[in-house]
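*Asks:* Here Swiss-Prot flags Cys74-Cys131 as disulfide bond, drawing on similarity to another entry. The annotation domain 'Ig-like C1-type' is assigned in Swiss-Prot to 53-145. Per Swiss-Prot, N-linked glycosylation site is recorded for Asn54, Asn179.
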Amino acid sequence: PAVQGNDKKYTMSSVLKVSAADWKTNRFYQCQAGYNLNDMVESRFETPKIQEPNITALVPSVDFISSQNAVLGCVISGFAPDNIRVSWKKDQVDQTGVVLSSKRRTDNTFETISYLIIPTVNWKIGDKYTCEVSHPPSNFRSMISMKYQEGEKSSCPSGSPPGTCPPCSLTPELLYHTNLSVTLRNGEKHQYKCD
């Protein structure tokens, strides 16, 4: 039933319940409202798309590896809806990282960054760090491992065939002097702000 507000205008709501199977099958739902059939207002709803994320590792550039702490990161992009989980491990031991709030991109997918601050000495002696990412809506689960090697930076997705992820060709850089400004090797730049 319609409800009259303080401004003497009436408000009415309607709810459509659909099964999960129908929700996944149909891309659009429409709602029409009005006083008569010739003067209806229509609203159209698009079901949210489900898209799994891309993960890119961020490791210290050689210019910034001499400081007391190093920052490792994961850029997680292109996922929808906004429901992402990230965890960090050092040689299978849980670590406490930071996950920033997701940003909506122009294509209605989302991106975020997670980072872990570690002692530079641990990075230089070759400890292995792993960023684990899961996206429940798409059943996506993956990890990317990072390990320092003298003279090069290596970072390959877990399970990559040998020779498909050569060091220095795919690894982006995290530039510490701008904190959360990320420049990838292809020149693409991302700016992240802490909330």
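For all residues, glycine too, the Cβ spot is worked out from N, Cα and C.
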*Asks:* Taking the Cα atoms as reference points, how far is Cys131 (disulfide bond) from Asn54 (N-linked glycosylation site) in Å?
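*Replies:* So the alpha carbons of Cys131 (disulfide bond) and Asn54 (N-linked glycosylation site) sit roughly 13 Å from each other.
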*Asks:* Among all the protein chains here, how many other CB atoms are within 10 A of the CB of Cys74 (disulfide bond)?
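*Replies:* Excluding its own Cβ, Cys74 (disulfide bond) sees 27 Cβ atoms within 10 Å.
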*Asks:* Which of the listed recorded positions (Asn54, Cys131) has the least company, meaning the fewest other Cβ atoms within 10 Å of its Cβ?
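*Replies:* Comparing Cβ neighbours within 10 Å for the recorded positions Asn54, Cys131, Asn54 has the fewest.
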*Asks:* Within the domain 'Ig-like C1-type' (53-145), what mean pLDDT does the predicted structure show?
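*Replies:* 90, rounded to a whole number.
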*Asks:* Please report the DSSP secondary structure of Cys74 (disulfide bond), reduced to three states.
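*Replies:* Its secondary structure by DSSP: strand.
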